[in-house]
Amino acid sequence: MKYKLISYRWLLSFLCLSNFCPSKNKDPLFWNTWAQHTLKNALTLQKLNQNTAKNLILFLGDGMGIPTVTAARILKGQLSGQSGEETQLEMDKFPFVALSKTYNTNAQVADSAGTATAYLCGVKANEGTVGVSAAAVRSQCNTTQGNEVTSILKWAKEAGKSVGIVTTTRVNHATPSAAYAHCVDRDWFSDGEMPAEAVQAGCKDIARQLFENIPNIDVIMGGGRKYMFPKNQSDVEYPGDKKHFGTRKDGRNLVEEWTNRMKNKVSSQYVWNKRELLSVNPNNVDYILGLFEPGDLPYNLERNTETDPSLTEMVEVAIKILRKNPRGFYLLVEGGRIDHGHHEGKAKQALHEAVEMDRAIGRAGLITSIYDTMTVVTADHSHMFNFGGYTPRGNTIFGLAPMLSDVDQKPFTAILYGNGPGFKVINGLRENVSTLDYQGTNYQAQSAVPLRMETHGGEDVAVFAKGPMAHLLHGVHEQNYIPHVMAYAACIGQNRDHCMSSGGASSLSPALPSLAALLTLTRLLC
C-alpha cells in the first residue's frame, strides 16, 4: 500500500510537471517528490557506461550559448501549451554536462572556424582558419602546407567507420569544413571566392576539398549547390535567379564528378529536394550527397515543407544509412542557422532553429542505443543574446517585461541583444516597442550598441554528453578536449592503447605517461 501511495504521488507530481495541475506548484510535496526522483536517477550514474562507443554523434548548435539553450527550452514548452520553464530539452536529459572554453588562439571572442578546428581536430587554431594549426595565418596561402591537422571524422573513416555531415548551412561553411578541409580562409567556398594569387599558389577551395581530401564521405547533406557548379551555370531549383548561379571559375562540375566516381559504387545517390531525399531507401544506399539549396537552407520557420527537408528529416535518413556499417559511424550534425538568426538580431528565428535541432537530437536518440552510441551536444560559441526584466512565470519568451524603463518610461522586450541591428533611435529617443510587432518572425530585438550584424559572445558554452565514456566530459575544459574524449570512447585515432583487442568494454586503467611524454608536456607548459 505504501509503494502504491508513493507511485501515485509521483504520478501526480509528474502530471503537475506537465502543467495539468499548476496549483500544485504551491505544494512542497510537488517539489520534494520531483527532487527525490531526480536524486534517485543521479545515484544510478555511479554505474558508469564504460563500453566502447561503436557510434559517435556530435550535435553542434552554432551560436547556441547557454542563454539560447534556456530560452529555447521555454519556447519548446510554450509551443506545446506549457508555461515553458519546467520543460526539458532532449539535451537536458543527458546525464553529463561540462563547460567548454571557446577562445581561439588569437581571439578572446571566437569565430566558428577556429572553434570548429578545436572540437573536430583537437587543436586550437586562429580565427577564420579551418583544419590548420595556429601556425597558419588567415588568408596567407603559403602558410597552409605543413600546418594541416586532421579531424575525428577522418580518424573514424580510417578506422573503417562510416562518416557523415549534416548541416542547415552550406556544406562548405565553417563548421562542416573543418571536418575535411585544410584552409587558411573560411570564406574560400569555391575558387570564385579566392584571390587569384592563392589559386596560382596551389591552395584549394573548400568545396573541392570536400570531394578530394576524404573522397568517400558516406553522407553529405546541407546547402551550397552553387559552389559545386561552373560560373554562370543556372541552378536546378532557381533557373532564372542569377544570384544562385554557379561560382566556379575552373569550370568543374563537382556534383557530376562525384556522381561519375560513385558509379562504381552502385549504392550511391545525389538528391536536391525533400521528395528525393525521403524516397531514398536507406537499406539500398550507402553513399548520399544531398544539396538542397544554392546557399544555406532556409530558416525552419520559412522552410517550404514540401521541397526543403528539416534537420530532423536529414538526420534520420543519415543515421539509417550510416548505421548499416558493422563497425559503426561518426556523424557531425550542425544546427547552423541558430547563429544566423542571432547575427541578424532575429531571436525568434534563432530559437526556433534551436528547438528544431533539439527535435533532431530526440529523433537520433530513438534510432540509436545509449549503450553503444556516444552523443555529444555543444556549441562553438555564444552570442550577445539574453533575456530578463523580471518576467513572470509563463511569460511568452518573445514578450514584454512587466515593467517600464524607469529612465525613459518605455516598455522593453524580455529578449535583448548587447549589440546588433536592433538599435533604433527616433527623434533622439529609444523606439517604443509596444507600437511594433515584437513577436513577429523577423522582428529585430533592441540592442544596446548599433551594429549591422550582432557579434558572438565570449563566455563558456555547455557540453551535454550521454553514452559510452560520457562521464569524461565534466567540469570546465578547453574546447579542443572534445574530440579526444570522443576518439577515446570509440578507440580511434591516437586513443587506442587502452582498448581490449577482442572488443567490448574498454579498460579503465589508462597507461601511465611515458617519460618522453612528460618531458614534452613540461616543455609545452614552460
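Cβ coordinates are placed from backbone N, Cα and C, and glycine is handled just like the others.
What TrEMBL records for this protein:
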type: SIGNAL; residues: 1-26; note: signal peptide
type: BINDING; residues: Asp62, Asp339, His343, Asp380, His381, His456; note: Zn(2+) binding site
type: BINDING; residues: Asp62, His173, Thr175, Glu334; note: Mg(2+) binding site
type: ACT_SITE; residues: Ser112; note: active site, phosphoserine intermediate
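Asp339 (Zn(2+) binding site) has a Cβ environment of 29 other Cβ atoms inside 10 Å. Candidates Ser112, His173, Thr175, Glu334 (recorded positions) were compared with Asp62 (Zn(2+) binding site); those inside 10 Å Cα-Cα are Ser112, Thr175, Glu334.
The Cα of His381 (Zn(2+) binding site) lies closest to that of Ser112, out of the recorded positions Ser112, His173, Thr175, Glu334.
Taking the C-alpha positions, the distance from His456 (Zn(2+) binding site) to Glu334 (Mg(2+) binding site) comes to 17 Å. Of the candidate binding-site residues, Glu334, Asp339, Asp380, the one lying closest to Ser112 (active site, phosphoserine intermediate) when CA atoms are compared is Asp380. Taking the centroid of the Cβ atoms of Asp62, Asp339, His343, Asp380, His381, His456 as the Zn(2+) site, the other same-chain residues with Cβ within 8 Å of it are Gly63, Asp111, Ser112, Ile338, His342, Ala379, Ser382, His383. Look at the Cβ of each of the binding-site residues His343, His381, His456 and count the other Cβ atoms within 10 Å; the largest number goes with His381. Geometry remark: Asp380 (Zn(2+) binding site) versus Thr175 (Mg(2+) binding site), CA distance 9 Å. Counting in whole angstrom, Asp339 (Zn(2+) binding site) lies 11 from Thr175 (Mg(2+) binding site) by their C-alpha atoms. Just so you know, the Cβ of Thr175 (Mg(2+) binding site) picks up 29 other Cβ atoms within 10 Å once every protein chain is counted. Cα-Cα distance from His173 (Mg(2+) binding site) to His343 (Zn(2+) binding site): 16 Å (rounded to the nearest whole number).
Within the same chain, residues at least 6 positions away in sequence whose Cβ sits under 8 Å from that of Glu334 (Mg(2+) binding site) are Phe59, Leu60, Gly61, Asp62, Ile165, Val166, Thr167, Thr168, Thr169, Thr175, Pro176, Gly222.
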